[in-house]
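K.L.:
My questions all concern the structure below.
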Amino acid sequence: MEKSISMVARSTHYAHILKSLDRTVPIVTRDKLVRKRRCGGRRRTNRRSGCSSAFHGGARISIPDIIPALELGVMAAKVNSMPDVAVRPLGSGPPPYNSFGGPPPHHVTDHDRGSSYMLEGAVGVSLMHHEPPPKPDGFYKTWIFGKVLDPRSKTIIAWNRVFLLSRFWALAIEPLFLYTVAISPHRYCFYIDGWFGIFVTLFRCVSDLMHLWHIWLQLKLAYVARKSLVLGSGKLVWDARMVALHYLRPSGGFVFDLFVIVIWGVVPEMIRRGGKMSGMMTSILVAFAIQFVYKVFHLITLVPRMQRVTGYVFGTAWWGFALNLTAYFVAAHAAGACWYLLALQRISSCLYDQCKMKAGCNARDLGSSHAILYGPRFSDPSPLTSAKLYADVAPTCLENKGDVFKYGIFITALPLTTSRNFLNRILYPIFWGLMTLSSFGNAMVPSNQMLEVIFSILVITCGLMLFTLLIGNIQVFLHSMTAKKEEMRLKIRDLEVWMKRRQLPSRLRHRVRQYERQKWAALRGVDEHAMVRELPEGVRRDVKRHLCLDLVRQVPLFYQMDEIVLDTICDRVKPLMFIKGETISRTGDPVQRMLFIVRGRLQSIHNLSENKTSIFTMEPGSFCGDELLSWCLRRPFVDRLPPSIATLRCLDSVEAFGFEARDLKYVTDHFRTEFANEKLKRTARYYSSGWRTWAAVTIQLAWRRFKAARVSVAEPARTSRDRGGAGLERRLSIAASDSDKLRMYTAMFLSPKPQDHL
């Protein structure tokens with residue numbers, strides 16, 4: 001009685017607190033629940049016990065839920081020295097943080113969206129106003145360069161691949177500028193092939209535009225904070241201002257990326273000046289070497305920057321093979337272009353020396369006032385076009401007759417310098433570069449010129465490095481492609497040696513070889529079980545679900561089970577293979593696993609007597625080993641595995657999923673209710689080969705009993721004159737009936753009812 005009075009008093013006190021929130025909040029008492037709610041200007045009273053409407057939403061709050069909540073609020077208010085429950089309207093703004101003396105709110109209670117109050121529980125407070133957390137000061141979602149991009153998105157990953165290929169394309173374009181310089185076969189002066197230069201410049205502009213677009217994207221691309229790399233893969237920074245400033249700073253890569261674009265404009269002016277052109281060739285070669293090496297270094301550092309977030313760029317070994325081979329061709333292309341330019345330098349030295357020895361020859365005429373040539377030949381005459389000079393200069397410098405000038409390794413490049421076909425000027429130097437790099441310069445016979453010797457040393461060194469790195473990577477890739485085949489070949493060889501040493505019969509050897517061939521054809525040497533086992537639990541579950549769920553659902557025993565049970569089964573089944581004619585298990589052997597047939601056929605042989613057997617063929621979708629199911633559900637549990645009631649033999653090459661005994665025990669222990677229902681029992685018995693065999697024998701015996709009973713009832717009572725003959729016939733009929741009963745009882749004993757404990 002005192003307890004009920006106390007509850008009523010407490011309810012009245014809490015109703016008074018609720019009344020201060022809003023007039024529409026119900027008054028809750030122990031005896032009567034009165035719901036005050038605006039509905040057309042009238043009040044409605046709800047006399048349902050134990051519930052009332054609350055907070056304008058029609059939601060119902062029971063007394064056992066309200067009272068502890070209000071008690072918790074009052075206790076929190078007392079702890080924080082608050083005179084009463086703190087409630088603030090929605091539009092009055094958030095309360096000051098220090099007034100509550102506790103941490104910020106962290107949990108929002110259920111509320112109605114149409115109500116005028118939003119209440120949030122917090123540590124140290126009872127009820128307080130909730131507002132979304134403010135953004136950090138100085139956070140820029142967008143800035144001058146736009147919105148921040150996600151480096152993990154498919155678009156950025158695809159762009160990284162395209163840009164990386166464009167960098168290889170830019171490296172391949174760079175040596176083409178060296179082929180723009182040539183010698184006129186009519187005036188014997190140097191010029192720039194205008195049309196070829198325009199063609200190369202257009203390709204260079206395309207690659208530079210792609211590089212500028214990449215720089216623009218880097219100004220908006222989120223990066224990984226260095227401090228967040230302590231654990232995991234790091235945290236991305238999404239502040240647009242910080243992203244741009246991080247890239248623009250000296251160590252961010254902006255200046256390094258910008259210097260890749262270099263404008264050429266000094267070569268035509270050097271040609272107009274004329275004179276000794278070998279200095280011009282050396283300057284061009286040095287400028288090209290600096291720019292090309294810089295781009296190579298930029299490409300080497302670019303790949304790790306792209307891999308910093310996603311960990312990969314292309315993700316397949318074939319791309320690695322293609323990129324290594326492309327890099328080798330680009331290196332050969334650059335070596336061939338340098339070889340061509342150095343050949344021009346040696347020809348210019350020869351022309352300069354011959355011109356100094358001839359009267360009336362001016363060395364300035366080696367360079368033309370029209371440095372860039374767009375037509376097939378020059379129209380203005382030159383002192384070098386005289387027949388005498390042509391007869392002296394051409395055979396000596398361009399054809400190397402008389403072996404006056406030592407060209408060394410550049411002797412085969414002389415015809416290319418005067419050729420108007422730019423394809424010939426490109427392809428043959430590439431061939432020379434590939435041949436030289438691959439043979440480590442064995443075919444090179446340089447002269448005693450210092451620049452030629454230095455170039456030969458560099459080519460040999462680069463060839464050795466490229467062969468060690470690039471060709472080595474290609475060899476590793478090719479070895480990885482054939483490693484499985486080589487491993488299989490070695491395994492077969494070891495098996496053959498072992499079988500020969502152990503003197504296995506030829507039939508058994510044939511079965512071993514057949515199994516290994518079948519396993520190789522199905523898996524190609526890949527251990528699928530080990531690969532899937534090393535994956536994280538969530539990924540492994542999804543992979544096994546994708547591989548096994550449809551096949552497991554084909555089994556009628558698991559068709560209507562819960563998804564969680566099916567996921568657990570899929571996670572624990574293992575793929576198995578058996579060759580044709582193999583005996584999987586024999587009658588009386590311990591049942592090790594349940595088998596779910598995916599492909600092929602199994603023959604189940606039941607021994608009914610010494611000379612009689614029952615044969616049952618199992619197709620894909622069938623299962624065997626159901627004795628384990630009753631063994632797992634049996635109480636009290638027995639550790640001894642149940643014996644097999646049939647012999648299983650493969651009629652074809654069989655692929656199946658195996659469910660080991662310990663795995664089935666795990667599933668049945670954790671999902672016992674799923675395996676203990678009557679529908680599952682009927683399904684298991686219907687598809688069980690043991691139950692089907694017992695049912696067939698039982699039906700046959702019942703049919704024979706029915707026929708015998710019908711014959712005995714339908715036999716008419718006839719009288720015979722020869723009563724002795726009738727007695728003899730009756731005695732024979734009784735003896736035959738006893739013999740039938742004996743056979744029936746024998747069949748019943750030889751085909752016992754399966755004990756599945758279901």
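Easy rule for this one: first residue shown is 1, then count along the chain.
Every residue gets a Cβ built from N, Cα and C, even glycine.
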K.L.:
Please find, within the list 228-249, 426-447, the residue stretch that TrEMBL describes as transmembrane segment.
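P.N.:
Within the set 228-249, 426-447, TrEMBL attaches transmembrane segment to 426-447.
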K.L.:
Ranking 195-217, 278-297, 453-478 by Cβ pairs under 8 Å to the transmembrane segment (317-342), which is first?
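P.N.:
The stretch with the most close Cβ contacts to the transmembrane segment (317-342) is 453-478.
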K.L.:
Residue counts in helix (H, G, I), strand (E, B) and coil for the domain 'Cyclic nucleotide-binding' (557-636), per DSSP?
P.N.:
19 helix, 30 strand, 31 coil
